[in-house]
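If you check TrEMBL, you get these features:
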type	residues	note
DOMAIN	80-191	domain '3-dehydroquinate synthase N-terminal'
BINDING	GLY117, VAL118, VAL119, GLY120, ASP121, THR141, THR142, LYS154, LYS163	NAD(+) binding site
DOMAIN	193-340	domain '3-dehydroquinate synthase C-terminal'
BINDING	GLU196, HIS260, HIS277	Zn(2+) binding site
Amino acid sequence: MNPKTDSQTVRVKLGPRSYDIDIASDQLAACARSVERWAQDREVSARQAFIVTDANVHKPHAAAVMQSLQDANWETHLAKVPAGETSKSLTVVAGLYDQLVDIQAGRQTLVIAVGGGVVGDLAGFVAATYTRGVPFVQVPTTLLAQVDSSVGGKVGINHAQGKNLIGAFHQPLGVFIDTSLLDTLPERDYRSGLAEVIKYGVILDEEFFAYLEQNVEGLNQRAPEVLRHVIARSCELKAQVVAADEYERTGLRAVLNYGHTFAHAYEALCGYGELTHGEAVAIGMVDAAQLAEWRGQVDGSLAQRQIALTEAVGLPTRLPEGCELKQDDVIARMKLDKKTVAGQLRFVLPTRLGHVEVFTDVDEADVRRVLSS
Ligand SMILES: NC(=O)c1ccc[n+]([C@@H]2O[C@H](COP(=O)([O-])OP(=O)(O)OC[C@H]3O[C@@H](n4cnc5c(N)ncnc54)[C@H](O)[C@@H]3O)[C@@H](O)[C@H]2O)c1
Ligand SMILES: O=C(O)C(=O)C[C@@H](O)[C@H](O)[C@H](O)COP(=O)(O)O
Ligand SMILES: [Zn+2]
């Protein structure tokens, strides 16, 4: 941390695709400085930016990014999509391609996502595919996006049957995190991000999990020093995993999918946007912990601690009333999970707090037992 500027940088080490995550507070008006540095490093000289945002983030945040770039003599264009999960669709992607064509965007046009995970995944997918790939920068504005979705290069949209079924790996040139943007984030969306934060503790870092337990009040009050630590540590952990297995080939990156086999099925079946991604992940992680316990991999204390922390930060641990799902439907959706190989489901399960592994030998009967509990 640089005490003068109160900013810090986490490096994602990916050889020629390496990049910085700049973390600061109250610095959005200066974001063009980071963008210019990243553009220069990658020899992007066109100075044309296509900013993608949503209706809730446009003012003040995307407008501030646009102003910062204009002040630095960039030509800027703004594309506003409807807020919410349903914007991760082919229809919205097509509309963004049309706007890129209208402005005669080329291979050097910089796409900048200013928003939560939805805007980041969507804009990143457009950046990965327009003219076979244009440079891309992430300015995440939700906690979830600051701790998870803006880092690692997974971009994509949903299919009616399954989450993120259409997508690509397309790393950003850089990620600009301004923690003060979270001041305007609605409570439900803030809590959603905490699910992915708890995930890092369970899968990779027992000490971080204990820190979260000890700082529940700070988390609930969005205490700036707690948030700063949580965001920086989450980015460090994700950066390490992504650097070790960028394309999720060896199974190492799959640890980030803890709880997601359940969660993605729930999101699709309850209707996109009914449960937030973070809520679905919170419930899915409890299911995964329960599954691990019943398989005899962990004792009951892991699920108990995970449930207690999840509840303490106001996240659900069970599906809400009104979202009663048929087991066969959930299993069918799970089989669309990207970890599935030859029809065989794979689950990321803990073997102790702070460590998870990918298991291919999970009995469907055990999964059904969890679903009916
Ligand atoms: N690519 C990845 O690695 C990855 C990782 C995790 C999640 N995701 C994806 O991220 C998505 C969820 O992201 P999310 O939770 O950020 O949801 P989101 O993008 O829908 O944002 C949540 C809500 O907050 C509003 N908002 C955003 N920033 C705001 C701000 N600063 N002030 C006021 N309102 C603000 C948005 O308009 C939206 O209504 C899901 O689609 C999920 O699949 C992707
Ligand atoms: O970055 C990853 O890898 C993750 O799995 C992070 C998850 O939190 C995120 O929800 C991701 O989009 C899920 O990826 P998917 O490949 O299961 O669609
Ligand atoms: Zn997730």
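Along the chain as shown, residues are numbered 1 onward.
Using the three backbone atoms N, Cα and C, a Cβ is placed for every residue, glycine included.
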(message) Between the two most separated Cα atoms in GLY117, VAL118, VAL119, GLY120, ASP121, THR141, THR142, LYS154, LYS163, the residues recorded as binding NAD(+), what distance in Å do you get?
(response) 21
(request) Taking ligand 2 as the reference, state which of the binding-site residues VAL119, THR142, HIS260 have a Cβ closer than 6 Å to one of its atoms. (result) HIS260
(request) Taking only the Cα atoms, work out how far GLU196 (Zn(2+) binding site) lies from LYS163 (NAD(+) binding site), in Å, as a whole number. (result) 17
(request) Enumerate the residues of the same chain, GLU196, HIS260, HIS277 excluded, that satisfy the criterion Cβ within 8 A of the mean position of the Cβ atoms of the recorded Zn(2+) site; list them in sequence order. (result) LEU144, ASP148, ALA195, LYS199, GLY259, ALA263, GLY278, ALA280, VAL281, GLY284
(request) May I ask which residues of the same chain, at least 6 positions away in sequence, place their Cβ under 8 angstroms from the Cβ of LYS163 (NAD(+) binding site)? (result) HIS264, GLU267, ALA268
(request) With DSSP as the reference, give the number of residues of the domain '3-dehydroquinate synthase C-terminal' (193-340) in helix, strand and coil. (result) 102 helix, 2 strand, 44 coil
(request) Go ahead and report the DSSP secondary structure tallies for the domain '3-dehydroquinate synthase N-terminal' (80-191): helix first, then strand, then coil. (result) 50 helix, 32 strand, 30 coil
(request) Measure from the Cα of HIS277 (Zn(2+) binding site) to the Cα of every one of the binding-site residues GLY117, VAL119, ASP121, THR142, then give the nearest. (result) GLY117
(message) Roughly how many Å lie between the Cα atoms of GLY117 (NAD(+) binding site) and HIS260 (Zn(2+) binding site), rounded to a whole value?
(response) 15
(request) Spatially speaking, which of the binding-site residues VAL119, ASP121, THR142 is closest to HIS260 (Zn(2+) binding site)? Use C-alpha to C-alpha, please. (result) ASP121
(message) Is it possible to get the count of other C-beta atoms within 10 angstroms of the C-beta of GLY117 (NAD(+) binding site)?
(response) 26
(request) Report the binding-site residues (ASP121, THR142, HIS260, HIS277) that meet this criterion: Cβ distance to the nearest atom of ligand 1 under 6 Å. Use sequence order and write none if nothing qualifies. (result) ASP121, THR142, HIS277
(request) Taking the Cβ of ASP121 (NAD(+) binding site) as the centre, count every other Cβ atom within 10 Å, in any protein chain shown. (result) 26
(message) I'd like the Cβ neighbour count for THR142 (NAD(+) binding site), meaning other Cβ atoms within 10 Å of its Cβ, all protein chains included.
(response) 27
